[in-house]
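Enquirer: Relevant sequence annotations retrieved from TrEMBL are reproduced here:
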REGION    1-41  region 'Disordered'
DOMAIN    80-208  domain 'Cytidyltransferase-like'
COILED    239-266  coiled coil
REGION    313-367  region 'Disordered'
COMPBIAS  315-324  compositional bias 'Polar residues'
COMPBIAS  330-339  compositional bias 'Low complexity'
COMPBIAS  340-356  compositional bias 'Polar residues'
Amino acid sequence: MEPPTSSRLNSRKRRKDGSGSNGATELDGVPPKMSRRSFGLREPAPFSDEVEIDYSKPYIRVTYEEAMRGTPLDRPVRVYADGIFDLFHSGHARALMQAKNLFPNTYLIVGVCSDELTHNFKGFTVMNENERYDAVQHCRYVDEVVRNAPWTLTPEFLAEHRIDFVAHDDIPYSSAGSDDVYKHIKEAGMFAPTQRTEGISTSDIITRIVRDYDVYARRNLQRGYTAKELNVSFINEKKYHLQERVDKVKKRVKDVEEKSKEFVQKVEEKSIDLIQKWEEKSREFIGNFLEMFGPEGALKHMLKEGKGRMLQAISPKQSPSSSPTHDRSPSPSFRWPFSTKTPPSSPANRSRNESAVTYDISEDEED
């Protein structure tokens with residue numbers, strides 16, 4: 001691939017003005033710009049014993065200033081980072097990302113210590129060395145992996161791999177009888193500090209597993225692992241199976257409780273809705289009732305109007321006094337049928353019958 005325009009201009013200026021020990025020059029105090037290329041990796045990073053190094057060229061380290069200005073593409077800054085990388089996690093990947101981005105043109109070499117060194121100086125690992133090598137190989141920021149890396153960096157090792165800088169966090173790392181195994185690297189001006197990622201480490205992950213051992217043991221038993229593979233005793237195996245059954249029953253009871261709560265909640269919502277509708281209908285019914293039968297309701301007015309009409313019908317208006325009067329014929333006297341005499345009367349009523357022998361009914365009474 002052809003380098004970008006700015007890189008070509010910088011290379012022309014270097015040929016014109018002369019170059020330093022590693023091809024880097026100062027151009028009027030302005031560092032040359034170099035775009036960092038990103039290639040899509042399709043294969044894991046190679047091991048150091050699989051990479052050919054041209055030893056015909058002399059090994060001359062670049063200074064920090066030269067590395068920051070940017071080196072030619074064919075002379076990247078070789079940065080070395082080492083570690084155990086057990087249970088490879090995001091904290092490891094972030095540290096390697098920082099090491100890769102220390103300089104514009106960086107070639108990152110990562111050293112991974114063997115099981116023997118790690119078990120002697122630090123402790124037992126979860127992953128064996130081959131698994132740890134493979135994990136680092138597949139990190140996108142790594143260009144080369146050194147297997148069986150030394151615990152303490154020697155000048156011979158630095159010269160063999162032509163290392164310019166060593167990247168690690170700035171916290172003193174006491175090990176192998178030394179207060180800081182990177183002390184001589186710092187004194188030589190080859191140390192490039194990185195930042196640790198808080199909240200994540202291999203020790204934290206192991207602590208979680210140990211703390212919740214029963215949970216993970218039951219989890220793996222469910223997934224088909226045998227008690228022998230998990231180093232679980234016969235009694236603990238039965239205990240875990242019993243706990244699993246109890247948890248299933250609890251889960252079912254919890255599901256039933258949740259469903260019953262949802263049902264009760266729905267019933268409550270519907271009952272509240274019905275009560276609200278009933279209240280609205282009752283208020284409407286009471287209003288209609290008062291409007292009809294209240295003190296000033298429609299029924300009272302209807303009764304008043306009906307009473308007036310009835311009174312008007314019962315007692316019609318009198319005819320005028322000037323109207324002519326008609327002589328009425330005397331009403332015929334009432335007599336008992338089939339008899340020409342008055343009906344018999346008792347001695348008590350005899351005096352009354354004497355005074356009224358006949359019964360006259362006037363026309364007015366008939367009306």
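If you go along the chain as it appears here, the first residue is 1 and each next one adds 1.
Note: Cβ is positioned from N, Cα and C throughout, glycine not excepted.
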Enquirer: Are there residues at least six beyond either end of the coiled coil (239-266) with Cβ under 8 Å to its Cβ atoms? List them, or say none.
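Expert: Same-chain residues near the coiled coil (239-266) but 6 or more away: 214, 217-218, 221-222, 232.
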Enquirer: Tell me, roughly as an integer, the mean pLDDT over the domain 'Cytidyltransferase-like' (80-208).
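Expert: Reported value for the domain 'Cytidyltransferase-like' (80-208) is a mean pLDDT of 93.
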Enquirer: List the helix, strand and coil residue totals of the domain 'Cytidyltransferase-like' (80-208) as derived from DSSP.
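Expert: Counting residues per DSSP class in the domain 'Cytidyltransferase-like' (80-208), I get 45 helix, 26 strand, 58 coil.
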